[in-house]
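Features reported for this protein in TrEMBL:
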DOMAIN    407-521  domain 'RCK N-terminal'
TRANSMEM  53-73  transmembrane segment
TRANSMEM  85-107  transmembrane segment
TRANSMEM  113-134  transmembrane segment
TRANSMEM  146-168  transmembrane segment
TRANSMEM  174-200  transmembrane segment
TRANSMEM  236-256  transmembrane segment
TRANSMEM  268-287  transmembrane segment
TRANSMEM  293-314  transmembrane segment
TRANSMEM  353-372  transmembrane segment
Amino acid sequence: MQSLLAISVTLVAAAAVAAGLCARIRIPTLLGYLLAGIMIGPSVGRLVQPGEALTFLAEIGVILLMFTVGLELSVAELWATRWRVLSAGGLQVILGSAAFGGVAYLLGASPNAAVIIGAAAVVSSTAICAKQLADQGELTTRHGRTSMAVLLFQDIMAAPLLAALPLLASRTGAGTAILIEVVRILAILGTVIVVGKPILYRSLAWVARRGHAEAFLLASIFLVLTTAWISHHLGISPALGAFIAGLVLGESDFRHRIEDDIRPFRDLMVGLFFITTGMQLNLGLITQSPLSVLFWLAVLVPGKMLVNGFALRLAKLSWLDAGRGAVILGHSGEFGLLLTSLGMSAGVVPTTIGQPMLLAIALSMAAAPLLIREHDRITRLVFGAHRQRHPPQLEEMEGFDQSRGMQNHVLICGAGSLGRIVSKALWKAGIPHLLFDTRYEPFVQAKEMGLPVILGDASRIATLEAAGVERARAVVVTFHQHRSALRILSALRQRSPHLALLASARTEAAAEELATVENVSVFHEHVAAGLALARQCLLEVGLARDRLEALFSQLSRELSGD
């Protein structure tokens, strides 16, 4: 039996090397973790063998990841998009299961085996999508939200399918069992949201009032794991339970503090999850059944993209957004591995289909980070989205209406506290401007302040074009995700070389990355707050104003690197 310390050293070393190399050659970190798992796993290096301890640690990583994804959203936002979850998610699952199950049936699988194979193929990896979209700053974009809506529907359907597996094996009453299980899960989730909200709020508020940082961190992790544990005992995926806990706390005042505290633990555990996923790949099947593996890989990636795109178009998304969502979801996931394995163990899925499909699922997961990163390019190539005439999105029409007649106005991307301060200053100065945010809570806060705010995705160039960016004097970007800011700043600079661009950054690394865009004024949030605090402090202690201005002029130049 391997030493736990030796396993830990090997895993952490593999994760560190993978992360460093990925940053060096600019490929997604998740792909590096999967490749590291292959190299140290049974198929290649045989340095570490999969076991219960690794599986447990990996599951903790997924729980923390889904919790932080929930923090990015809120119950109000989820309720506002309930029809998107039902329409986009329902159509994708129904049409995809029918298509992929039909392929299996044509290959000789029984009807019950075809149901299992169709369900295994249609589900994508929530962990991969959530992590990669978050790394790219696209979790709150329109296509990011659509993808998460579909994934949420898939996660809700996962438990009923597992519950129905024994019935599919015995060939009795599976359809009724799935329906009953779906209703039960929805009832439990609703109860968790209603009952859990006051408990989570009051518990964290009580700990926060004590002013002990370590106690707050431990309380946050305890609440996440407890919610996951309760969900597991109620027959729901622990990751789905953690996601619901994140949704509930996403509306609280503790949201950003919890996210910052948990992030280091989440990143470490998520890295272990993807390494263990890579360790499970049996590369020997490639030489044993190469054509079968390639066939299922073609079904699970390009074939699934086409089915996804058709389903999302039926859900009334534009060609561009449907195509992006189709590519993001164009792979299979962990649930597919589990369901296919259990189907073979129960004797329902024939091994001649199941074994090659298992490897194809794993290979599609390995390719997923690259597919998600390049989703825009693939969308335009596969779906020809650049040739389509897109109907305007709701925020584009609203932006067009509100900006009509505006000249030399300012567009503010992000209605958080910084965006609202800038908007308030412009309003008092009588300068026309528009404020954008995809999040419901900041939108409502800005609306209550009487600011000209639009609930829309300002990371989309089409939204800013509808708001008259070609007539604007300046664009201010205050996104929480600096990668979203970098993407829209780069696009704006290419289109408008003389447009004034200003951006805020939360960290030094983010500030340095944003500063790579030509002629962008970048303001570090903490530096700006520190300068304002220092200025007031020096005024309070009686420093003369002329000396104060000279001192701050020099200090500002030093901090900006000029």
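Cβ atoms here come from the backbone N, Cα and C positions, even for glycine.
Outside the transmembrane segment (293-314), and at least 6 residues removed from its termini, the chain residues within Cβ reach (under 8 Å) are 88, 91-92, 94-96, 99-100, 103, 121-122, 146, 150, 285-286, 321-323, 325-327, 329-332, 356-357, 359-361, 363-364, 367, 371, 378, 382-383. The stretches the transmembrane segment (53-73) and the transmembrane segment (268-287) meet in space: the count of Cβ pairs below 8 angstroms, excluding pairs fewer than 6 apart in sequence, reaches at least three. Listed by sequence, the residues of this chain that lie at least six past the ends of the transmembrane segment (236-256) yet keep a Cβ under 8 A from its Cβ atoms are 59, 62-78, 126-127, 152, 155-156, 158-159, 185, 188-189, 192-193, 196-197, 200-201, 204-205, 208, 220, 223-224, 227-230, 441.
Outside the transmembrane segment (353-372) by six or more residues, the chain places 27-31, 34-35, 104, 107-109, 113, 117, 120-121, 124-125, 128-129, 132-133, 136, 277-278, 280-283, 285-286, 289, 292-297, 299-301, 327-328, 330-334, 336-337, 340-341, 343-344, 378 with a CB less than 8 A from a CB of the stretch. Sequence-distant contacts of the transmembrane segment (268-287) (same chain, six or more residues past either end, CB-CB distance under 8 Å): 11, 14-15, 18-19, 29-30, 33-44, 48, 50, 54-55, 57-62, 64-65, 127-128, 131, 293, 334, 337, 355-356, 358-359, 362-363, 365-366. Across the residues of the domain 'RCK N-terminal' (407-521), the predicted structure has a mean pLDDT of 84. The domain 'RCK N-terminal' (407-521): residue composition by secondary structure is 52 helix, 24 strand, 39 coil, according to DSSP.
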